[in-house]
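Structure first, commentary second.
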């Protein structure tokens, strides 16, 4: 459990004065619906009870000073001259959010920020979006700005596009802003509408970090997004006014898939089938059919492995181990891929046996130490401390 007193004291030690606000934004795990968000599709994430925290105090000038506890590093920039840092990626998330707020002609003053987090970095649990949303919300608190959750999510996404260089979809930022405790959200990434669906009390969501770190800013992620966009251009003359792969159905692909070059067909097949699986999974979980939900998770992993080619050996091993472990309904890789984590749906009464089996099995198969996280669906971004001092 993250202690607010720890970040409060750290801020006071570092900056010499106490913070006036502390905000938090959660990491997330996506139950199903992978690489669909930037195709205007459907996703089914839940916010975690692990989060990024920002302690803050306003300044009387235009300078923003930042200290990251996790990176043991600091940054300073002027709100009137915000540029990308070519050496340190973590600072660009913060600079990009500030730049985005200013681009909307919103009033900002300088601030001292101290950041800490218990969301593992690089594990596919969206630590980056948690940072962006937490920082954006902190600037709102300090400057009396009122943005809707959807607006905050779009602002954070824009920061990642322009300042970090990852053309991510909207899912990670949206669930960080709008998550509901005890629920997963079925999100339509085209119009940003969503439907909360309760997590059944008899199951647990378990995340297993492969220990392999990924770099989404690398070429693989952006190449796949570009491939999906190219496929839309190729299919549009045959299918009419389609805007994204979200508008393509399995029947369309069966009829017109021959128009696609061999390297694009598997990408499209994954996105189209994953959208259909995600809608079916949300209905299954809403009905309490965890067996069906688990089957769809397994199919999702197979598609990500074989068609989208974003899984790796360690993720495949974790899924294989999970499906053989006690109480597991289904398992899949989660996040962008090339490393990161798996997510498993597990019978609550057998979760301890499941965790023990995963730890032992992964050590035997890979020599790595596994630390499974039994997760609770948490709430979205919020202010967790406010002093009377302004």
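Glycine too: its Cβ is placed from the backbone N, Cα and C atoms.
On a predicted model such as this, the values are computed, not experimentally measured, just so you know.
The active site, proton acceptor annotation in Swiss-Prot covers 172. For 34, 35, 36, 37, 221, the entry in Swiss-Prot reads substrate binding site. The annotation ATP binding site is assigned in Swiss-Prot to 68, 122, 123, 124, 125, 126, 127, 128 on the grounds of sequence analysis. What Swiss-Prot records for 128, 160 is Mg(2+) binding site. Under the heading site 'Transition state stabilizer', Swiss-Prot lists 28.
Location within the structure of each feature annotated in Swiss-Prot.
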residue : record                             : contacts (Cβ under 8 Å, 6+ apart)
28      : site 'Transition state stabilizer' : 45, 46, 47, 48, 125, 126, 129, 130, 171, 172, 175, 176, 179
36      : substrate binding site             : 42, 43, 169, 189, 246, 271, 274, 275, 278
68      : ATP binding site                   : 74, 75, 90, 115, 116
123     : ATP binding site                   : 207, 209, 213, 335, 340, 341
128     : ATP binding site                   : 93, 160, 164, 172
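Annotation note: residue 68 (ATP binding site) sits in a strand segment as assigned by DSSP. Neighbour counts of Cβ atoms within 10 Å were compared across the binding-site residues 34, 37; the minimum falls on 37. In sequence order, 224, 270, 271, 274, 304, 308, 310, 336 constitute the residues six or more apart from residue 35 (substrate binding site) in its chain with CB-CB distances below 8 Å. Annotated pair residue 127 (ATP binding site) and residue 37 (substrate binding site), C-alpha to C-alpha distance, rounded: 17 Å. The local packing around residue 125 (ATP binding site), expressed as other Cβ atoms within 10 Å of its Cβ over all shown chains, amounts to 28.
Ranked by Cβ neighbours within 10 A across all protein chains shown, the recorded positions 160, 172 are led by 172. Other C-beta atoms found within 10 angstroms of the C-beta of residue 124 (ATP binding site) number 29, with every protein chain shown included. A coil conformation is recorded for residue 123 (ATP binding site) in the three-state DSSP classification, outside any helix or strand. Secondary structure from DSSP puts residue 35 (substrate binding site) in coil. DSSP gives residue 28 (site 'Transition state stabilizer') a strand state. Per the record's binding annotation for substrate, residues 34, 35, 36, 37, 221 show a top Cα-Cα distance of 13 Å.
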